[in-house]
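Visitor: I'd like to ask some things about the structure below.
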Amino acid sequence: MLGPTPEFTLVCLPVVPGRMEAVEETEEVEQTSEDAISLNASDSIEIDEAGDGASVASHEVYFDWSSIDTSDLPSSYKTNSWQEKELLQLADHFFQQYTHLCPDRKPLFIYPVNECGVQKFVSTTVRPTLLPYPDMYYWSGCASFVCDYLIMEPLKCPITPPSSLFSPTTIVKYQRGNCFDFAVLLCSLLIGAGYDAYCVHGYATLEICSLDQTQEVCPRLRKPPEVPEEEDPNKYRVKYPLEPQSKFELQQKARKEKETEPPQEEETEEEEEEEVMEVVKPKRDRLHGLRVHAWVLVLPGKRKVPETFFINPFTGNPHSTTDECFLGIESIWNDRNYWVNMQDCRKGCKDLSFDLTDPFCWEIMFLESNKSSQLPTESAKEDTNEMQEKEETDMSFEMPLSWVARINVSCREYENPFSLGKKVILYDKAKQEKWAAYANEDGLVERLTVYADSDRTEELEVKEWFKHREDLLYMREVDKQTQLITDHFEPGHPLLLKAHFYTSLEPETGHTVEFYHTARVDGLWKRFESATEMTEYFVGREDFLHTRHIEFDERDKKMEKAGATADANPRPIVQIKEYFHRNPEKPADEDIEERIFMVIDDVIQVTYHLELHDTIASQVVFSRVIGREKREDEIFLSRENTVKYQPWSSEKHKNMLHLYDLLWELRAEQKELKQQVRDSEAEMLNILMVRKDEEANVKLSVSMYGTAKRGQEQEATAPEEEQKSPQGSLENESQPLAGEAESVTQHTATNSTM
């Protein structure tokens, strides 16, 4: 603690925290004091050194903060209480001692002016608030809300902190601010949610400060961390040598290949690699290590946070404290205190200790009363009593409450955070677009476009996310190379759809449908259908059926020309194949593994499972007798039309009566299978018809508790009702109660189905 007397223990290190030494090059130009002074607001510096692909859209519109109305603000915004005045005096004394002991370090960000031109201590600007929304109870929800709700404004001078720090309520009202405004608002929400969060004043790279994410991979495209492979149990098994090869022959073969290869190709490959390295290598920033930035620090302990991490308020993304994008820290603060970093930042933040109780690492402004202490020994009781008396005298000053009013975000503002209608973020070979809920008629809230090149000219894939759709579609993927579309559905669709893969909604053009099989009676989880075949996959069936494959022939062309429907002119079934899992309750010679019904050739083939010691499966084939006409409901069995191979079966299975019973059962099942195939075809036609109607008439479900959306609908329909004829208006007024009853009934039905 920096006390009011000149006798204190503040130690100024020779290395300035945060002011990173630039890369030592012969062409490096040193930053002088004149250069720093010249970087002010009048110069209108535009930081475009990161390239043309910066993802910041806030530079397009300039906002004049001097024109905002402050007349309606509370008196705490315009004046200081006696406690705040005393706090400013102590802070000013701390600042004077700091500048005296550390003249080489930059000035601290302690008491900037607010929107009313009144000096306020930065800790009192933090207003802990818990917003009444479920997502705002977690740090990820708070961070995503702040980065989506506010428009980023760069600092007027990139190497100095701002001269003013507005209240979070004003920042929320106008939905824009610089990095310090972002950090204070996010820190206020995190502390209100119970996190041990701090605002950080430090230094970062150009990409972080300018919100340039064009060199980063989109978070949606990042691969999950690989799980380490388990140790091979056969690791110590004896490895037998491979086929021996002559080393001399291999050397001669390699020498001949080198001689036959043209030498120019090697040179061209090296040149191409050099060109690629030049393109990938980022441009050198002349202000590297000097760019001021503010972010949020979250310490472990509260809310079961396992480790310390940073949050970039511009993006809402978490970062490790060893991230090389953060180059140094000058100071941190929360709503209770202020700390100055006294550690070396030559290597960035990766070697910093965030133990705020360590006086060698962090210089605290006001000594905290809840400081942890060890139990004193009997020999040191007198010393501890004296120390306690000194601490009590030092703690005579208490931090005043925040002068900021409570942060309020209405339901409409929370559901529609994008002030410009949508938000566009550019990544490396990707573009992400976000909309508010109900902003698009089809319920689209996010779109991610993946490109083949960094210039974003050739599209490879498009992913779209939806919300509040009655058809429960929540995600769509489009492969621009193959034009394959994949729709994903939430549970609860009337047709139990889970995913739909297609290129066109026309029938028999190649469709793959996945179902929520636990809700189906037949256990079907996937079906693929094309013009010539259909394959169905099952899970958890009692008969152990897992796959069914059907092959079709072409339709009658005469009936097609006559305009017959698909029901009147079905596709002829060529054959049906069924595959079964092993049933442990049956012997292998009675447990069928595969059944093939060749409908046109009138052949039935049955293959049984194998035992562990067998190599050839038992098989029975029933075929039509040559020269005999096929009759309806007739079963003709003879040794001529029966081929069997059962080397290990019992005498019962070799009996002709047993084969006759088996053939009778197979004939009956073949008839049922043909009907099931027709039902599957009809179901696919119904699915396509329903999907066409759902895409043509997209409906969004609105909860009866969504008052903000209902208010928007009333405001949108009011001008239309005024333009209607008087007769139409009278008709609408005559039935208001009926319309309200229908809407309430519809909302109730929607909630009950969800």
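Glycine residues also receive a Cβ, built from the backbone N, Cα and C atoms like all the rest.
Pasting the relevant annotations from TrEMBL:
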- 250-261: compositional bias 'Basic and acidic residues' (COMPBIAS)
- 250-277: region 'Disordered' (REGION)
- 262-277: compositional bias 'Acidic residues' (COMPBIAS)
- 292-365: domain 'CEP76/DRC7 peptidase-like' (DOMAIN)
- 373-392: region 'Disordered' (REGION)
- 379-390: compositional bias 'Basic and acidic residues' (COMPBIAS)
- 421-703: domain 'Dynein regulatory complex subunit 7 MORN' (DOMAIN)
- 709-754: region 'Disordered' (REGION)
- 725-735: compositional bias 'Polar residues' (COMPBIAS)
- 743-754: compositional bias 'Polar residues' (COMPBIAS)
Visitor: If you average the pLDDT over the domain 'Dynein regulatory complex subunit 7 MORN' (421-703), what number do you get?
Guide: 86
Visitor: According to DSSP, how is the compositional bias 'Basic and acidic residues' (250-261) divided among helix, strand and coil residues?
Guide: 11 helix, 0 strand, 1 coil
Visitor: Mind checking how the domain 'CEP76/DRC7 peptidase-like' (292-365) divides into helix, strand and coil residues in DSSP?
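Guide: Split into helix, strand and coil, the domain 'CEP76/DRC7 peptidase-like' (292-365) gives 3 helix, 31 strand, 40 coil.
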